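Visitor: Sequence annotations record features per position, and here Swiss-Prot assigns domain 'KARI N-terminal Rossmann' to 3-183 based on sequence analysis. Per Swiss-Prot, the feature NADP(+) binding site maps to TYR26, GLY27, SER28, GLN29, ARG49, SER52, SER54, ASP84, THR85, SER86, GLN87, GLY135. Per Swiss-Prot, the feature active site maps to HIS109; the stated evidence is sequence analysis. The domain 'KARI C-terminal knotted' feature in Swiss-Prot is assigned to 184-329. What Swiss-Prot records for ASP192, GLU228, GLU232 is Mg(2+) 2 binding site, and it gives sequence analysis as the kind of evidence. Marked as Mg(2+) 1 binding site by Swiss-Prot: ASP192, GLU196. Residues annotated as substrate binding site in Swiss-Prot, with sequence analysis given as evidence: SER253.
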Amino acid sequence: MAIDVFYDDDADLSIIQGRKVAIIGYGSQGHAHAQNLRESGVEVAIGLREGSKSREKAEEAGFKVLNNAEASEWADVIMLLAPDTSQAQIYENDIAPNLKDGDALFFGHGLNIHFGMIKPEDNITIGMVAPKGPGHLVRRQYVDGKGVPCLIAVEQDPKGNGRDLALSYAAAIGGGRAGVIPTTFEAETVTDLFGEQAVLCGGTEELIKTGFEVLVEAGYEPEMAYFECLHELKLIVDLIFEGGIKNMNYSVSDTAEFGGYISGPRVIDADTKERMKGILSDIQDGTFTKRLVANVEGGNKELEELRASYNDHEIEKTGEKLRDLMSWVKNPLNETA
């Protein structure tokens, strides 16, 4: 099924230029949205919680900085870019009491709307603008006269102008230069969570660790296992990123290509696919989200326990030693924000 793709010529920039936009949060996406919107002629203010470490950065960038409630009262378009697990509380305490008829509430990810943690009144436009790249890339591409593709969606449209508003917003942050793709809150939320859990984070992490363990348990040095199962992954991912799986297979040796074809299906087989379907089902029916919410309400205890157990793996200790030998490798864990 072909998808629609919209560009700058399809968007009316004056729509968002005629609104007052509050960006709630000034992290990776927040700073990029705010600066790109401002340079596209949009009036922008930043909403931050009291005591936020981001206040100084936002003020140094020349933005009017308000608390979340003040920003919500001032604006008629509110883009909520705080972490998923904080959004419901911010909405309940600061945004909802200040929403006015005709206001629009936008998101960069659909989780809280799709699973009902946030339920605005019927007179509020609910939309999403989700660049498919990190904030620093969204900003850099905009400055270079380019853009990052964006997804847009409208969940509630009492005024009938939700898509035009979302498209205008997407164009103002540079998305229309690359392409704006309409979707739904359900599709964006489910596919995003599934990709993270089954492939990008959960699946990849377990594949790396298990490969490392197999080699070490067979008597090979942990350093050799680290190089072959983790370090070289970037080379492969870069090739896939640049030109797809076909490009990767074209670029590696015939030995690697042949071995991948005959052994890959032994690692990821029909049983794996069935378990992935189970993960998808848990996302679709809300099982995962209930567990996520319970973790937050429990003070992140489960997350902290999982994090500690995973961080204690031998592969982490091995990597710390080996990365000290690599002057070209940045270790963000040792950098200060």
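From the backbone N, Cα and C atoms, a Cβ is placed for every residue, glycine too.
Model, not experiment: these values are computed from the prediction.
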Visitor: Rounded to a whole angstrom, what is the C-alpha distance between GLU228 (Mg(2+) 2 binding site) and SER253 (substrate binding site)?
Guide: 15
Visitor: Take the domain 'KARI C-terminal knotted' (184-329) and count its residues per DSSP category (helix H/G/I, strand E/B, coil), listing them in that order.
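Guide: Looking at the domain 'KARI C-terminal knotted' (184-329) with DSSP, the answer is 122 helix, 0 strand, 24 coil.
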Visitor: A 10 Å Cβ contact count, applied to the binding-site residues SER28, SER54, THR85, SER253: which residue has the minimum?
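Guide: Among the binding-site residues SER28, SER54, THR85, SER253, the sparsest Cβ neighbourhood within 10 Å belongs to SER253.
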Visitor: Given the recorded positions SER28, ARG49, SER54, HIS109, SER253, which one's Cα is the least distant from that of ASP192 (Mg(2+) 2 binding site)?
Guide: HIS109
Visitor: Mean pLDDT over the domain 'KARI C-terminal knotted' (184-329): what is the value?
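Guide: Here the mean pLDDT over the domain 'KARI C-terminal knotted' (184-329) amounts to 97.
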Visitor: Are there any residues at least 6 positions away along the chain from ARG49 (NADP(+) binding site) with a Cβ closer than 8 Å to its Cβ? List them or say none.
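Guide: Residues satisfying the criterion: ASN67, ASN68, ILE90.
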Visitor: For SER54 (NADP(+) binding site), identify the closest of the recorded positions HIS109, GLU196, GLU232, SER253, judging by Cα separation.
Guide: HIS109
Visitor: Considering all pairs of residues in TYR26, GLY27, SER28, GLN29, ARG49, SER52, SER54, ASP84, THR85, SER86, GLN87, GLY135, annotated in the record as contacting NADP(+), what is the maximal C-alpha distance expressed in whole angstrom?
Guide: 20
Visitor: Looking only at Cβ atoms, how many others are within 10 Å of the one on HIS109 (active site)?
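Guide: Other Cβ atoms within 10 Å of HIS109 (active site): 21.
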Visitor: Could you tally the C-beta atoms, other than its own, that fall within 10 angstroms of the C-beta of GLU232 (Mg(2+) 2 binding site)?
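Guide: Summing over all protein chains shown, GLU232 (Mg(2+) 2 binding site) has 11 other Cβ atoms within 10 Å.
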Visitor: Is GLN87 (NADP(+) binding site) helix, strand or coil when read with DSSP?
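Guide: It is helical.
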Visitor: Roughly how many Å lie between the Cα atoms of GLU196 (Mg(2+) 1 binding site) and the residue listed as 'substrate binding site', rounded to a whole value?
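Guide: Here the two Cα atoms lie 29 Å apart.
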